[in-house]
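Written out below as structure tokens is the structure these notes cover.
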Amino acid sequence: MESPITVSADHEGPYHLLPAIVNDVAVSDDSRLNQLGYKQELSRNLSAIANFSVTFSIVSILTGLTTTFGTGLTYGGPVTMVYGWPIVGVFTLIVGLSMAEICSAYPTSGGLYFWSAKLCGDEWGPFASWLTGWFNIVGQWAVTTSVDFSLAQLIQVIILLSTGGKNGGGYEASKYEVIGFHGGILLLHAILNSLPISWLSFFGQLAAAWNLVGVFVLMILIPMVATERASAKFVFTHFNTDNEEGINGKVYIFVLGLLMSQYTLTGYDASAHMTEETKSADKNGPKGIISSIGISIVVGWGYLLGITFAVTNIPYLLSENNDAGGYAIAEVFYLAFKSRYGSGVGGIICLGVVAVAIFFCGMSSITSNSRMAYAFSRDGAMPLSSFWHKVNKHEVPINAVWLSAFIAFCMALTSLGSIVAFEAMVSIATIGLYIAYALPIFFRVTLARKSFIPGPFNLGRYGVIVGWIAVLWVATISVLFSLPVAYPITDQTLNYTPVAVGGLFIITVSSWILSARHWFKGPITNIDS
């Protein structure tokens, strides 16, 4: 039995516009949104399962771990992957728990930037909202860019292997063809996201099922088919220091290898951005965040274990002279089938399974991006805001959908000039996004420590300590992932993450000082008096 909702004396909570409600009378989602200052414009048809499905397909174990498996092998190998994954997983779950608590109190599409505004109060709220919002939306665009570009690269590898492999005269698509693949993928994603939310709900649940089944099939099939399998001792104790990057310290190598895990476990703020389309949003939004992280940790660890049992020769898998051109996990799949059946076709089909999962991941990323852009422009934070927050007859933020796809395409164009510049830009996908996650949590445990009024989901007396652990974890990874990843340091080996993230910070703060502080007041109501 839930206790009656009460009104805080200082009106600092999400219920400050709501009279005291007794006898456990439920407040509808639309009314709750009105209390937070917004009218219902999007179609509210998502169930708890549908909300979870969108987020789970964005986190996408098959996408993150498959595309960064080579990073894990390079920096530490089996030990980094097998033990690093649960370590990162636990801390990510702590971040997710803190976010879920705040999401329950403020279930709006704006998510993080709205939370920051409310938690900081009138004086600091607009600036906190501005900073959090831009880190969030640019981080999301970087995620979409990274996901769809990684699919384009995987298509390049699939074509290479299907035409004979690098050592058999296979066709290797040029960088211009890869960017063409990227553009085509984004076009399809924009078209799909222009459909009513009921269709996206179906695709989201299909994507979640595909990711879940695909992980279990591949983690069992690949080591079972491989004629040579690694021993349990190799999988659980082998530490690879042969990285050819000039880095020898084991702790340093282990830390760099954690990027594989942390890159994968991102994007779960999508559940918050979908709350205005989710039923019982103050309960199901938090459930979506926590369940997507928790299930991903468990199945992801199983996937890593299964695939690592098929790894026997790390230097060869990472060599650009193998049939997959150095795409480690593609070579694992290809060799597993080729060694047993004399043909790697089965491995190529398995890569197709991964490709479909990545496609769904990108599709869901655009869904989340567009809802964030819709909410941010609704509050007047973006140029041409009135245009981007329009919804069509299906109650879909159609302009924000196509904007998100267009920006993800433009960000990938940097790969034509310099792959180093491209990698710097997409590095915002991990660090920039996590900074956006940490800001409202930081405000929750400092400025709003005493005034915060939780929603139905809350951490009780543990909320503050969990929040501090989350903030410290984000601060730690922000430093660790800004360290050099190769020596000697040159313009080609320099880790440009701090440059990219620092640049975003400078631009955001400068735009606030020079302009936005005069007109951006944080979240504004769109309900007529």
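Including glycine, each Cβ sits where the backbone N, Cα and C put it.
Remember, predicted model here, so these are calculated numbers, not experimental data.
Positions annotated as transmembrane segment by TrEMBL: 48-70 (among others).
What TrEMBL lists as transmembrane segment is 82-103 (among others).
Positions annotated as transmembrane segment by TrEMBL: 149-166 (among others).
Marked as transmembrane segment by TrEMBL: 178-202 (among others).
Annotation source TrEMBL lists transmembrane segment at 208-226 (among others). Residues 52-53, 56-57, 60-62, 295, 299-300, 302-303, 305-307, 309-310, 332-333, 335-337, 339-340, 346, 350, 353-354, 356-357, 360 of the same chain lie 6 or more positions beyond the ends of the transmembrane segment (208-226) yet place their CB under 8 Å from a CB of it.
Per TrEMBL, transmembrane segment is recorded for 289-311 (among others). Residues 52, 55-56, 58-59, 61-62, 64-65, 69, 72-73, 77-78, 81-82, 85-86, 89-90, 92-93, 96-97, 99-100, 103, 212, 215-216, 218-220, 222-223, 226, 229-230, 234-235, 264-265, 268-269, 271-272, 317, 329, 332, 336 of the same chain, all 6+ positions outside the transmembrane segment (289-311), place their C-beta atoms under 8 angstroms from a C-beta of that stretch.
Per TrEMBL, transmembrane segment is recorded for 341-362 (among others).
Remote same-chain residues near the transmembrane segment (400-422) are listed as 140-142, 144-145, 148-149, 175-176, 178-179, 182-183, 186-187, 189-190, 193-194, 366, 369-371, 373-374, 377, 388-389, 491-492, 494, 496 (criterion: CB distance under 8 Å, separation of at least six residues from the stretch ends). The transmembrane segment annotation in TrEMBL covers 400-422 (among others).
For 428-447 (among others), the entry in TrEMBL reads transmembrane segment.
Beyond its flanks by at least six residues, the transmembrane segment (459-483) meets 91, 94-95, 97-98, 101, 252, 255-256, 258-259, 262, 427, 430-431, 434-435, 437-438, 441-442, 444-445, 449, 452, 495, 497-498, 501 of its own chain at Cβ-Cβ distances under 8 Å. TrEMBL lists 459-483 (among others) with the feature transmembrane segment.
Annotation source TrEMBL lists transmembrane segment at 495-514 (among others).
Touching of the transmembrane segment (428-447) and the transmembrane segment (48-70) is ruled out by the presence of fewer than three CB pairs under 8 A, sequence neighbours closer than 6 excluded.
Taking residue pairs at least 6 apart in sequence, the transmembrane segment (48-70) and the transmembrane segment (341-362) share three or more C-beta contacts under 8 angstroms. Outside the transmembrane segment (178-202) by six or more residues, the chain places 42-43, 45-47, 50, 53-54, 144, 148-149, 151-153, 155-156, 277, 359, 362-363, 365-367, 370, 392, 394-396, 398, 401-402, 404-405, 408-409, 412-413, 415-416 with a CB less than 8 A from a CB of the stretch.
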